[in-house]
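J.: This is the structure I have questions about; it appears just below.
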Amino acid sequence: MAPLDPHSFTDSTHTLTTHIALSLYFDFPSATIHGAALFTLSSPHSGPLCLDTRSLSIHRVLSPSTLSPLPYSLSPFCDPIKGTHLSLSLPNDVALSSFLITFSTSPSSSALQWLSPPQTFNKKHPFVYTQCQSIHARSVFPCQDTPAARIRYSALLNVPRELSAVMSARHVDRRLPVSGEGYSNLLPNGFNSLWCSETRVVEEFDMNQPIPPYLFAFAVGELGFREVGPRTRVYSEAADGVLEAAAKEFAGTEDMIRQGEKLFGDYEWERFDLLVLPPSFPYGGMENPRMVFLTPTVIKGDASGAQVVAHELAHSWTGNLITNKNNEHFWLNEGFTTYAERRIVEAVQGEDRAVLSIGIGWRGLNDEIKRFQDNLEFTKLKTNQEGVDPDTFYSQVPYEKGFQFLWCIERQIGRPAFDEFLKKYIATFKFKSIDTETFLDFLKANAPGIEKEIDLVLWTEGTGIPPDAYEPVSNLYTKIVSLANEFKLGRMPREDEVADWQGQEWELYLENLPKVVEASQVFALDARYRLSESNDYEVKVAFLQLAILSKCRDFYGEVEKTLKEVGRMKYVRPLYTALVQGIGKEEEKILAKRVFAEARDCYHPIAQGVVESIFAKHL
Ligand SMILES: [Zn+2]
């Protein structure tokens with residue numbers, strides 16, 4: 001076996017899948033999807049073929065033309081990171097270029113969160129959605145789950161007719177089910193006969209652009225939408241107020257798409273729709289092509305919500321068009337996207353906003369380097385991820401150190417030349433999956449002599465922050481940092497000094513305070529500015545972290561409320577960590593365990609796993 005990716009059983013000597021046609025029956029009462037999948041290979045293949053699965057039941061593997069069974073086996077043990085290895089044995093006499101698999105997901109599928117009606121806004125209908133990055137597509141359908149293997153797909157989603165579906169794909173039709181379509185007559189457990197029940201509809205989708213499997217995405221629920229631009233709708237649960245607030249928040253999206261096109265070339269994905277998910281969504285946003293998924297916590301009526309959209313939009317060029325070959329080169333996705341996001345923000349919101357965002361990132365990077373002081377491997381851009389769970393070691397390093405590396409190159413060769421370089425890089429590698437070496441070779445060829453000016457090996461393979469990284473400068477940034485320094489000497493900012501502060505200013509201020517301060521200072525700050533009750537979770541969580549670490553137990557009620565309201569890992573991870581990390585914190589540890597036991601069902605399985613790994617490390 002010749003592995004292609006430390007997180008996949010895909011064998012580099014095997015033929016890759018180029019298209020998957022899926023028929024999926026959604027059974028909400030059992031939180032299960034029953035599926036038939038037709039796989040098309042890039043060329044005929046015989047002998048063994050390895051696929052990734054996790055918590056899937058495999059029912060049958062068949063030749064599509066004869067429907068005769070093909071032998072297969074599942075590994076007897078489930079690898080804790082990679083899942084279960086499905087090995088097919090394709091006939092040696094006639095090489096096949098396609099095969100069929102019927103399967104069922106399990107209620108514990110790591111990609112899927114099934115919400116019961118009480119967990120939704122309207123409390124009337126259930127809801128289900130995917131989060132496949134980094135390695136969770138394999139818990140929805142068997143596949144070569146590595147970004148090195150790009151696939152096109154089509155999908156028939158059979159759902160209760162009171163619900164509707166969206167996907168990271170072109171919507172073809174919403175219609176009555178047709179008997180036997182898409183091999184649905186082969187579905188297991190009697191679901192073949194339910195396919196055409198009068199209570200069901202089929203939502204049909206087609207994705208004709210090759211994507212890495214982690215960009216496969218759907219959501220099914222009671223959905224509504226508003227038009228916010230010529231190629232953008234915002235979708236969410238059809239609940240009072242949510243759609244209106246979202247439409248208002250994202251009204252400037254078309255302006256950002258145009259700025260992105262000016263900087264990076266044509267927008268290649270036709271639509272740029274947005275889906276606002278329930279509060280359990282584990283990320284700020286997920287760049288699913290054509291249909292970005294967003295946490296509702298970005299809707300807060302200031303500039304920073306649009307910055308998350310700018311980030312997901314920037315992925316349309318970096319990440320989705322050019323993709324890291326595997327997670328060891330994740331910085332190629334996120335470093336470039338963080339750079340591109342800030343260029344869009346600078347064009348749309350001005351330089352001050354972009355510099356604030358760089359400053360918050362700079363603080364975050366410095367904190368992450370401290371977090372990984374016992375595991376310096378994760379402070380590198382290019383990491384060795386053999387035996388590493390990408391969810392556990394998810395950090396700001398690929399984002400912010402990657403950003404700093406590209407910003408350093410921009411300063412060295414000048415912005416006009418760097419802009420040219422970026423456009424050429426995107427045009428050269430679009431719809432390809434590449435590694436760090438490919439990028440460096442392209443850089444050296446197109447910026448001759450760059451390796452003499454910048455230590456490229458130190459940047460990509462070295463630990464920590466290289467000496468030519470750069471803390472941003474602007475009047476606003478400098479003022480906020482110096483106010484934070486004055487807090488250390490006992491002076492709180494005056495009301496006139498913070499009168500026009502938005503969430504990001506407070507976030508930067510709080511992140512520049514010492515991790516632990518006198519309890520009396522925490523109370524005084526909150527008495528004046530009510531940060532513990534902020535509607536902006538970035539501010540609220542940064543403040544509550546300070547409160548926990550400074551042992552201000554009066555705020556624990558607010559901590560508990562926050563952990564039960566939202567499942568975004570950006571908030572859940574630091575709050576639980578602050579509670580359980582360190583010695584002499586028995587009360588905090590008991591609180592953390594109780595809150596997690598009560599909130600667990602409201603978190604996506606990925607977030608559940610992250611909290612469990614925090615507990616495993618500190619409890
Ligand atoms: Zn990103």
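Here the Cβ of each residue, glycine as well, is placed from N, Cα and C on the backbone.
Straight from TrEMBL, here's the annotation block:
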- Q131, C132, Q133, P282, Y283, G284, G285, M286, E287, R568, M569, K570: peptide binding site (BINDING)
- H311, H315, E334: Zn(2+) binding site (BINDING)
- E312: active site, proton acceptor (ACT_SITE)
- 475-615: domain 'Peptidase M1 leukotriene A4 hydrolase/aminopeptidase C-terminal' (DOMAIN)
J.: If I take the alpha carbons of Q131 (peptide binding site) and the residue listed as 'active site, proton acceptor', what is the distance between them in whole Å?
T.: 14
J.: Need one number: mean pLDDT over the domain 'Peptidase M1 leukotriene A4 hydrolase/aminopeptidase C-terminal' (475-615).
T.: 95
J.: Counting only residues 6+ away in sequence within the same chain, which have a CB under 8 Å from the CB of E312 (active site, proton acceptor)?
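T.: Residues satisfying the criterion: G285, M286, E287, V292, L294.
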J.: Find the longest CA to CA distance in the recorded peptide-binding set Q131, C132, Q133, P282, Y283, G284, G285, M286, E287, R568, M569, K570; express it in Å as a whole number.
T.: 17
J.: Between H315 (Zn(2+) binding site) and M569 (peptide binding site), what is the CA-CA distance rounded to a whole number of Å?
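T.: Spelling it out, the Cα of H315 (Zn(2+) binding site) and the Cα of M569 (peptide binding site) are 20 Å apart.
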J.: For the binding-site residues Q133, G285, E334, which residues place their CB under 6 A from an atom of ligand 1?
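T.: Checking each Cβ against ligand 1, the ones under 6 Å are E334.
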J.: Using a 10 Å cut-off on Cβ-Cβ distances across all protein chains shown, tell me which of the binding-site residues (Q131, Q133) has the largest neighbour count.
T.: Q133
J.: What's the CA-CA gap between E334 (Zn(2+) binding site) and Q133 (peptide binding site) in angstrom, rounded?
T.: 13
J.: Could you check what DSSP calls H311 (Zn(2+) binding site) once collapsed to helix, strand or coil?
T.: helix
J.: Could you name the residues, excluding H311, H315, E334, of the same chain that surround the Zn(2+) site, i.e. Cβ within 8 Å of the Cβ centre of those residues, in sequence order?
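T.: The surrounding set, listed in chain order, is E287, E312, A314, T318, G319, N333, F336, T337, T338, A340, E341, Y399.
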J.: Considering Cα atoms only, can you say which of Q133, Y283, M569 is the nearest neighbour of H311 (Zn(2+) binding site) among these binding-site residues?
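T.: Out of the listed candidates, the nearest Cα belongs to Y283.
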J.: For Y283 (peptide binding site), write down the residues of its own chain that are at least 6 apart in sequence and whose Cβ falls under 8 Å from its Cβ; none is a fine answer.
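T.: Correct list: Q131, F293, T295, R568, M569, K570.
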J.: Counting every protein chain present, what is the number of Cβ atoms, excluding its own, within 10 Å of the Cβ of E287 (peptide binding site)?
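T.: For E287 (peptide binding site), the count of other Cβ atoms within 10 Å is 24.
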J.: Can you break down the domain 'Peptidase M1 leukotriene A4 hydrolase/aminopeptidase C-terminal' (475-615) into helix, strand and coil residue counts using DSSP?
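T.: Taking the domain 'Peptidase M1 leukotriene A4 hydrolase/aminopeptidase C-terminal' (475-615) as a whole: 107 helix, 0 strand, 34 coil.
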